[in-house]
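Engineer: Residues annotated as ATP binding site in Swiss-Prot: Gly627, Pro628, Asn629, Met630, Gly631, Gly632, Lys633, Ser634. Positions annotated as region 'Disordered' by Swiss-Prot: 834-857.
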Amino acid sequence: MDLSDSPKGIETHTPMMQQYLRIKADHPDTLVFYRMGDFYELFFEDAEKAARLLDLTLTQRGASAGNPIKMAGVPHHAVEQYLAKLVKMGESVAICEQIGDPATSKGPVERKVVRVVTPGTLTDAALLSDKNDVYLLAMYTGHNKRGVAVNIGLAWLNLASGALRLAEIEPDQLGAALERIRPAEILTADGATDAVPAGAGAVKRVPAWHFDIASGTQRLCDQLDVAGLDGFGAHSLTSACGAAGALLLYAAATQGQQLRHVRSLKVESETEYIGLDPATRRNLELTETLRGTESPTLYSLLDTCCTTMGSRLLRHWLHHPPRASVAAQSRQQAIGALLDAPADANLDALRSALRQIADVERITGRLALLSARPRDLSSLRDTFAALPALRERISAIVANADALARVDAALAPPAECLDLLTSAIAPEPAAMVRDGGVIARGYDAELDELRDISENCGQFLIDLEARERARTGIANLRVEYNKVHGFYIEVTRGQTDKVPDDYRRRQTLKNAERYITPELKTFEDKALSAQERALARERALYDGVLQALLPFIPECQRVASALAELDVLAAFAERARTLDWVAPTFTDDIGIEIEQGRHPVVEAQVEQFIANDCRFGADRKLLLITGPNMGGKSTFMRQTALIALMAYVGSYVPAKSACFGPIDRIFTRIGAADDLAGGRSTFMVEMTEAAAILNDATPQSLVLMDEIGRGTSTFDGLALAWAIARHLLAQNGCYTLFATHYFELTQLPSEFPQAANVHLSAVEHGHGIVFLHAVNEGPANQSYGLQVAQLAGVPAPVIRAARKHLAYLEQQSAAQHTPQLDLFSAPPAAADDVECADAPAPSDATHPALDRLRDIDPDDLKPREALDLLYELRTLVRSHDADGHA
């Protein structure tokens, strides 16, 4: 059925379907959950889609306008689990509730859409991940007079917390920005040609006029209750203001109300944080492994936070390391104070207190949207009540750390808010207002009176039962209640002749009769009416409490922010103490100095980790790293980047000591993977990432290059690797860790004194190999590639053939006086000492016994096979001598 019927066409439907179709017309691209009794129903195409996505039963009931009505539904009490599934699939859902009274309605009960649930506007606890923020982002491309794109304005909002941010970026930085922000939903204008990277988030097209710059700027000012945006540094960000206007319009429309908690704005600048492109975030496994799991990552190692607010802030810090060392030093000062705290303010006691803290940030968001539930408010009350004791834990050390002093001041409990919550909300309220028992006794006299009537029913019934037994002489007479028939007096069949005349039969059972008396009927009317009136009164009072709490939203947000920061700092302190980390230092001079550094994540996975030094300075800008596969080259490079990032985030670091000069960006070119969706080969991906590094790296950038050039032929790869390394030294001048299997590159320090060779060593043991994982000065002299292949389980015949062919390649290389292109092997033997099945035969025939010996591996022989081989070799020698060979 076509849901775009004209108004005239709609009139041919039943009244209820007319109502539905009008609502659906306002939400054409959204699934409409239409409330009918205890179910949310979907109709027509929505029903078909929901049945497919949610595995619901698709039914067909009746017809409207001559068309069968396809239906699918979900029970209202389980709606959140279905919403969660749909949102995860990128779908949006309009929740249409009954707002009219069925008892007084003529025709269909009045209904309206009360909110729209979209991937980027989630606030319900059941739909949100505890440790992940959800962002709605709008993007608008600014053009010059010639129609050329000059920038992209971004505005993104965390609706659950009210955090709003703006930025303007270069068009080619969009992918990196989206990877950093990771929005769940992206708003773009109808007809816009901006290409949103695949997988960046669910894309929603909205009318282009929503992005009008003048309207957006005014809407932003109205939202923040300011006359202008100069105080936020946003007055010149016209493209971002256009995006913000569309964002606020969309977010408010989905909630059907004002966004009362969006009262602050932060403008992000490219120079504010250390640059991390998508490849770097992926390769360093900050919050997700290369396999797509959440552990083991740097985040999973660091996240010992006691609150979900702290866990979310930690994730944000890891993706936003500040360039200025001032912020890092302030955080590290706080960590030091927490570690040195006296016994009465020790770290364990503080963290124990933090575990009792609720998610104030998200509760405040729901409060602002008037969707907070009773237990949200009781959790808020209990958290505020615990703040004085929490402040006592840190009061003794605030003088030693400015960050802790700032946190302490922000944790002052909002007294009026706490008083209201304490007086209004029951100690242990029900989950939902409709269940009653939410408002505290003593808060409202009328509610208390109605409750007394309902709650005193029990005693009245006991007294009535005793009186009626005495009056009638029926010893087993009972006075009871059920929801279907209300209150009644039950008399067994054999005693009905004793029933007084004022008993009126209410229900006949097989073995008993149920009656009601005028006195019981009067009480029933009063009791049931009191219960209904009490629930209605409680609903009204609860709504009033929500309204009364709205002025305290800024104070609640202040407390939430301070609690999250304190939690992360305490987690950093716990990690530093448990894992033996140290406070790094910072300098304005060029350089990185790490003594006995360790990879934080790998160290946690192994029994013993070999620590290594890393030094950069004005005289040492590029380290050529050679050594065997599995020797630890990639681990060494990654640990250097992670230690640097941790230092600037504000954490202690896994090292004996560490000192860092300024770092503006971290780049990585690690691993091999193609981009099938983008039609790019492994080598193309490698070169694209290398190009970005060569174009953007500065003398303050840290660059990790792992085996560049391996995706093409040997000579092409070697030439590219040499040229790239040379450019990084001569042009970029950045700190570079350059791992390679091209031995020729180890000659680079002779041309550039700022380059140095280091290697990871290993030793052979029989036909095996032991990796030492220690970084030493100088180049490696062997790759141990065949030994690694043997460890990997490559069949022995393949290993033997590889050894023979390696010998041949070495012979050819020596004969042609060309450099050895293989993996750092030892100098080749003299040509006349090398034999290989694939090499041209020498002028004199080789001895057959020698050929046979070359084909065997003694380690593979059993005792009997060795004896048989000995006899075989003797036969070959005698046969060879008999043929007249010397």
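Note that Cβ sites are derived from N, Cα and C of the backbone, with glycine treated the same way.
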Engineer: When you measure from the Cβ of Gly627 (ATP binding site), how many other Cβ atoms are you left with inside 10 Å?
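Structural biologist: A 10 Å sphere around the Cβ of Gly627 (ATP binding site) contains 31 other Cβ atoms.
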Engineer: Determine which residues of the same chain, besides Gly627, Pro628, Asn629, Met630, Gly631, Gly632, Lys633, Ser634, have their CB within 8 A of the center of the CB atoms at the recorded ATP site, and list them by sequence.
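Structural biologist: Everything else in range on the chain: Leu760, Phe771.
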Engineer: Under a criterion of Cβ-Cβ distance under 8 Å and sequence separation of at least 6, what residues of the same chain contact Gly632 (ATP binding site)?
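Structural biologist: Once residues fewer than 6 apart are set aside, Gly632 (ATP binding site) is near Ile610, Leu760, Phe771, His773, Val775.
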Engineer: Far apart in sequence but close in space: which same-chain residues, 6 or more away, have a Cβ under 8 Å from Ser634 (ATP binding site)?
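Structural biologist: Correct list: Ile670, Asp706, Ala739.
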Engineer: Taking only same-chain residues 6+ apart in sequence, whose CB is under 8 Å from that of Lys633 (ATP binding site), what do you get?
Structural biologist: Ile625, Thr626, Gly627, Asp706, Ala739, Leu760
Engineer: Asn629 (ATP binding site) has how many other Cβ neighbours within 10 Å of its own Cβ?
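Structural biologist: Asn629 (ATP binding site) is surrounded by 20 other Cβ atoms within 10 Å.
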Engineer: In the three-state scheme derived from DSSP, which category covers Asn629 (ATP binding site)?
Structural biologist: coil
